[in-house]
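Attaching a single structure in structure tokens format; questions to follow.
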């Protein structure tokens, strides 16, 4: 365990509540606590046993008679704590004043206010967790759905770490074979045994296959972690706001028969079978002289560029006109779903021949709810092949994805060099680079500046 000073921070959200927790971590936690904590039974805090709790008061450091708050103090002895250090947690009354008053006394008694993510950083530096597990902690905190929570929990338990360590083991074995082959050629001045080259190639190809398997769900993983950005577009009065209300199951957007009612962007979040989805209802796209509506139309066009998925709504009770065609041309090279709305009406006029060049067409009625479930299933098909597993490892972190691609690229370069009969010393450079890239995921190979940046994005107290 590394030696650090003693740090403290509020570990619970600031605000009114039943209980707040002040976390203290470091060698001197009991010594600091004994200066400001008075147990009801006159117990010697510095001899407190691990995994026990004591009831008492936090008192003013300079005036022991002044009670700051009534608290419960718990102790976890190193190394069996979150940080791997001695940890004390003070459970005080929730509330801004009471919590900050207790924290002030802890600081006066000798602790330093922790930096963002410093507790988790210490857990990493003390070997309690690796970097991928540390990042999973933040993902758990920010999870938007049960699925994203489960994905983060699987990673926090070391599932990704296990895969990465296995891959590094394969590549380490490849390096050992290369070193043996190099020594063999130096000693015997002979051509390397073909079987040895075959073993080296097999080791690299096996690694490539496993990396590609991990990367196969990376795009879906990003959506599980960060959410899917869906933008609803179409002409005015085709039913975009009605669709938003149907998906939200509440009247969030104003719905009228007057074209151009929605002049600004409306953004809402829904849980689509575990997928966090941000749905944006845009202003109807059309040529207009209205200054305010024109701004809304420009915003709509900007949102189209940012979307993961575009939902184009067409009014099935009208003929497709030039404005519809312009919108169709704008989205046809993107991932999209076309909704033919108002299919509950008897007079359907939309021209089928114009739709022949479009795919993913669904008949719906935003008013009655017809086709809404089909729409949800189609979204899942487009991004998850219709199935989302909550039990398997999902690569959801962009940094992990980038490192895996870097490792894969170096492995492929190594194979190319082998097939070109290049020197084995040159091939070992690519294998070493591939191992280094994998080590960036677990933190075994990472610059301190990048480590500091990763942990700085955590909240204070975690």
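Any Cβ shown, glycine's included, is placed from N, Cα and C.
Note that the structure is a prediction, hence the values are computed from the model and not measured.
Annotations for this protein, taken from Swiss-Prot, read as follows:
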type: DOMAIN; residues: 227-384; note: domain 'TrmE-type G'
type: BINDING; residues: 237, 256, 258, 261; note: K(+) binding site
type: BINDING; residues: 237-242, 256-262, 281-284; note: GTP binding site
type: BINDING; residues: 241, 262; note: Mg(2+) binding site
Taking the Cβ of each of the binding-site residues and counting other Cβ atoms inside 10 Å, which one has the highest number: 237, 241?
241
At a 10 Å cut-off from the C-beta of residue 240 (GTP binding site), count the other C-beta atoms across all protein chains.
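For residue 240 (GTP binding site), the 10 Å Cβ neighbour count is 31.
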If you average per-residue pLDDT over the domain 'TrmE-type G' (227-384), what number do you get?
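Mean model confidence (pLDDT) across the domain 'TrmE-type G' (227-384) is 78.
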